[in-house]
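Some features that TrEMBL has for this protein:
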- A:9-27: transmembrane segment (TRANSMEM)
- A:94-295: domain 'ABC transmembrane type-1' (DOMAIN)
- A:100-121: transmembrane segment (TRANSMEM)
- A:133-153: transmembrane segment (TRANSMEM)
- A:173-191: transmembrane segment (TRANSMEM)
- A:226-248: transmembrane segment (TRANSMEM)
- A:279-298: transmembrane segment (TRANSMEM)
Amino acid sequence: MARYIAKRIVYMIITFLVVITFTFLTMKLMPGTPFKNQNRISPEQLAQLKHYYGLDQPVPIQYLHYIGNALHGDLGGSFQFGMRPVTTILAEKAPVSFDLGFEAVIIGAIFGILLGVIAGLRRGTILDYGTMFISVLGISIPSFVLAVFMQYFFGVKWQLLPLAYWKGPEYHIMPVIALAVGVVANVARFMRTEMVEVVNQDYITTARAKGISSFNVIFKHSVRNALIPVITILGPLTAAIVTGSLVIENIFAIPGIGSQFVDSIVTNDYPMIMGTTELYSALLIIMIFIVDILYGVIDPRIRLAGGE
Amino acid sequence: MENILEVNDLHVSFKTHRGEVKAVRGVNLTLKKGEALAIVGESGSGKSVTTKAIMGLLPKPAGRVKSGEVLFNERDLTKLSDKQMQKLRGSEISMIFQDPMTSLNPTMTIGKQIMEGIRRHQNLSKADAKKRAIELLELVGIPNPEERVKQYPHQFSGGMRQRVVIAIALACNPKVLIADEPTTALDVTIQAQILDLMKDLQKKTNTSIVLITHDLGVVANMAQRVAVMYGGKVIETGTVDEIFYEPKHPYTWGLLSSMPRVDSKNSELLAIPGTPPDLSNPPKGCPFAARCPHAMKVCTEFMPDYSDVSDTHKTACWLQDERSPKVEPPETIQVGGDR
């Protein structure tokens, strides 16, 4: 197991480096410069600016320079914010996005699994059809539509919940629901399919033949086995939700990292683009790693195959 | 000897998209204490459904017992609630399944799977339950049980897994053990080992066994009595000797002749022509009439009653009626006439 983990960590680092390199290169291929009003400044001024930000050197040198600094934990300064260190900006804004994302994923996964289990166990009944109907709705309705809808009813019309901002627990409710609905829908559909499959397995009959309670048959035997494939989608889903909350952050005026990212791309804020991408890809890589480890925890066959 | 298990006029139906399938249509069985009863018959004859109904393991909500009773120690199991049935299952009546490759939970250790039933039915501490699990593994002949309890099913071979399944079934010293084709999925060499093990354990624990099989060799080896099922009904029942040497029902004749024999002059493998009846629309008369070489007009119209051939031997066939012509069993089975 230790060897497997060590191997995986090496791969993770390589993946990360590849992502950084590609991002750096494609970023440099983008048209434009970070400098606004370019046509109003003289070529000398431009050259001076470029020199100041180190953009006059060849791309490979810039790249090596960047990597060298990054290894010391220095991701440069954001062009938009007067060279304020990117790491500081990320440390300030990322926790908000992560909060929102993880809350949505955890709540979404719990409800999704529960709904999937119920639908799978009551296959072919109204409960099943109802759950799947809601699930299809959840997948097809974009989160921002739901967000605006909720804002209108709960925020404006009935004034039950704060309309926007990110100040206390009650501010979390609407954005988290808006994001979680998609997760619930996806997880519920997967979970239902797996449950339907698992409850027809012979080992479930064996478990029932032992006379153990229905609760234990469902949770110790069925759900655990049905979870294995569902966990696969949870990893990428988490990364997508945590990083993809951009629109929701905008709608609810949440000071997260999402809108920051878009701004930095629009303004060619190279260090900020790099920093955000690095954060996102690190998150995705770590999530996939966690999923693989979880796999082994749940399914002993995978654990042993990996250990050899 | 008293009957430990009695099935009286059991009817089981399944709801399907094509309508109601009457899988079991009035089955009567008795199992005496310490006895092994074999239920034989081809696929779809209702053997497995009968035992699932006894265990209360019919797939819900599609399958249900329509009428009849299952008496276990004078209690009608079909009238019990789910909770009461759970108490009985695994402790008083337990079951061994056909395919050991799929009948164990792949994500749970063998030890846990054995302990689950023990902990549920007997007031044992975790440590004692584990001790008992190790004892059981030893009993079913798994070497190095202290290590093996910590392992997962995929670390066991098919034969070893079936031993584990047997250990699970025997965990709480059940009075009745139902074995649904316990050797069908195993290698021939392993089959013999598993049968020997079951026979041995039956002697040690004096458990009554219901053995479902379509392997007549297994019947001869294990059982004292046989019930032959066809089309959801028991069409002949008797002691092993009676069924093997004096079979009365043409279906039993067919079943016996289709068993390949080493000493047979006829090297061709015999089969019963035709297919079993469609039980979503079961025939009015004898279910075997359509395939029976001796079928008469009455056979397709009326189901015959059971007639007693001896105290222990019964069959439901119009040929037993005194008005019927005398029909001799085919010589393919008379070859085995010497006991």
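Cβ atoms are placed via backbone N, Cα and C, with glycine included.
It should be emphasised that the depicted structure is a prediction, and the values quoted were computed from it without experimental measurement.
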Residue numbers, six or more beyond the limits of the transmembrane segment (A:173-191), whose CB comes under 8 Å of its CB atoms:
100-101, 103-105, 107-109, 111-113, 115-117, 119-120, 131-132, 134-139, 141, 143-144, 146-147, 150-151, 154-155, 161, 226-227, 229-230, 233-234, 237, 241, 245, 248-249, 251-252, 254
Highest-contact recorded stretch vs the transmembrane segment (A:133-153), from A:9-27, A:100-121, A:226-248, CB pairs under 8 Å:
A:226-248
May I ask you to check whether the transmembrane segment (A:100-121) and the transmembrane segment (A:9-27) make contact, with contact taken as at least three Cβ pairs under 8 Å and only pairs 6 or more apart in sequence counted?
no
